[in-house]
2 protein chains.
Amino acid sequence: MTEAVSLPTDRARGLFVPVLTPFEADRTVSMPRFLDQCRWLLASGADGLAVFGTTSEANSLGIDEKIDLLQSLIDAGIPAARLMPGTGTCALPDTVRLTRAAVQAGCAGVLMLPPFYYKGVSDDGLFGSYDAVIQQVGDARLRIYLYHFPQLSEVPLSPALVGRLIAAHPDTVVGLKDSSGVFENTRDLLERFPGFAVFPGSEARVLEALRLGAAGCISATANVNPAGIAAVIAGWQGPEAVALQESASAVRAVFSEVPLIPALKAVMAEWLADDGWRAPRPPLLPMERTAGAALADRLAGLGVSSRRSTEA
Amino acid sequence: MTEAVSLPTDRARGLFVPVLTPFEADRTVSMPRFLDQCRWLLASGADGLAVFGTTSEANSLGIDEKIDLLQSLIDAGIPAARLMPGTGTCALPDTVRLTRAAVQAGCAGVLMLPPFYYKGVSDDGLFGSYDAVIQQVGDARLRIYLYHFPQLSEVPLSPALVGRLIAAHPDTVVGLKDSSGVFENTRDLLERFPGFAVFPGSEARVLEALRLGAAGCISATANVNPAGIAAVIAGWQGPEAVALQESASAVRAVFSEVPLIPALKAVMAEWLADDGWRAPRPPLLPMERTAGAALADRLAGLGVSSRRSTEA
């Protein structure tokens, strides 16, 4: 990984993947498939794993389930220093429990949604939420990456709120994933907060973001194109940067018109000839096999032909 | 309680209160205040307690916290048969755990939000969610009241979905709380599904709803006006029905322009001269004391002058 930008050394940087969570037929998490995917992603250019993200169906996982899964990953040899689990839930006690477990396990950081049931809450209220988590976890090792995803959470994190959190907890609130899809918001955060680790939530314009000082990228489609996105981040200052971006964007575009999580799972099912990969948890529905096969065909046309071949 | 409508005998009916959840200074639940409020509500005309509702800040409570609280209430003598706890969370395992705890404790039923993180989900997906909970709880005693609150959940429950759930689980999916605020939706449900226990989420038009066959009411403001709302339900066929509705609506209107949960807590703080009642959990913020006192004054002007006086 190149140094994408000058950041304090304790900041995460590079490509973090919100790892898909595969399930068994009884809807429990499929640990063998999950571990296999984590290992393949790390072997394919990912700098870290943002497990328990939106793409991971994290909010469809129970609190105990997430704590157990995190420990199981580490017990199986996934380095905690490469993990940035999502730990933000609606409820302060659950967020504190999961965040504490991540810190105590040695995770690089946590990606934290605001509480997202109540809508129209104030910046003061959201500041109070994050502040309470930090105080209750009470561990200097905690590194929080704020998670701004207004389309799903319906609870935006304003730049003013981000600034207040950085000012109050400069060694703890160290970065943000911007899934707004609004490039101006990413730019604004990068300009306002030098040294703050901003990760665009998509690779679609990651080259532009890197040039403005972004720390890397955290993107759903990195589950199927880790090498392609990692190449943009590694090569952003090189002569192939634009071509690498165009290549990554073309892969991303394959998923622009489909339900993203079912589509990514359907591609995994095709690539691994493992129908067990297909199903999300309710309330999401699986994509039909023919649609998944069509996506895999389009990816093959872009040179992303199977998990094994992209591993090279 | 009068028989508001002809319903199967296992259906809840009457006034169920989404009990406010008071906190201690350290943000843990204040069990003495909570229990005191539950007892007062039952003594003041409430037929049951819909603990862990939106007004209860249920989604700001942890899963273990809710299971412990429910058991504590029952251990303290609140009859399980008068409890309808909210048990719907984003995550299937957590919803199953809490629902199972409620059923095993003998609760009258549960009020169940759909999973609410993912937006734009299909009726098939939501059907799958409720169906999975019912199957995993696997207890014939389970009675589910669906919770339709699109403004906060952002995941509406369509009449078509409700019909499918009733058809698939006629002895389990027995009612619905309609917090949409759209009276036509309440009317539509009552017309489509005779014998289904529909509770408007506000007393504002409860008399009209009762005349159309509603089972009762589940309303936030019942925390401060239980007797007034219970009187409308008890007297809906009597000569004072319209006057009782007007009186309840006037109390409701006091809260039309303020943040509802902080306002209700501020009134409790005034009435009981207990500042500890004031604070919600983050991300909600307390209402200032002067604003709370002003609300209490307006309520006094309507004859709702303190918790003690309304108890008579």
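Each Cβ is built from the backbone N, Cα and C atoms, and glycine gets one as well.
In TrEMBL, annotation is done automatically, which means it is predicted and not curated.
Model, not experiment: these values are computed from the prediction.
According to TrEMBL, the protein has these features:
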- B:Thr55, B:Ile218: pyruvate binding site (BINDING)
- B:Tyr147: active site, proton donor/acceptor (ACT_SITE)
- B:Lys177: active site, schiff-base intermediate with substrate (ACT_SITE)
Under 8 Å by Cβ from B:Thr55 (pyruvate binding site), same chain, sequence gap 6 or more:
B:Pro18, B:Val19, B:Leu20, B:Ala220, B:Asn223, B:Leu260, B:Ile261, B:Leu264
Number of Cβ atoms other than its own within 10 Å, given for B:Ile218 (pyruvate binding site):
31
Most Cβ neighbours within 10 Å: which of the active-site residues B:Tyr147, B:Lys177 is it?
B:Lys177
DSSP three-state assignment for B:Thr55 (pyruvate binding site):
coil
In whole Å, note down how far the CA of B:Tyr147 (active site, proton donor/acceptor) lies from the CA of B:Lys177 (active site, schiff-base intermediate with substrate).
5
Should the residue listed as 'active site, proton donor/acceptor' be counted as helix, strand, or coil on the basis of DSSP?
strand
To the nearest whole angstrom, what is the C-alpha distance linking B:Ile218 (pyruvate binding site) and the residue listed as 'active site, proton donor/acceptor'?
11
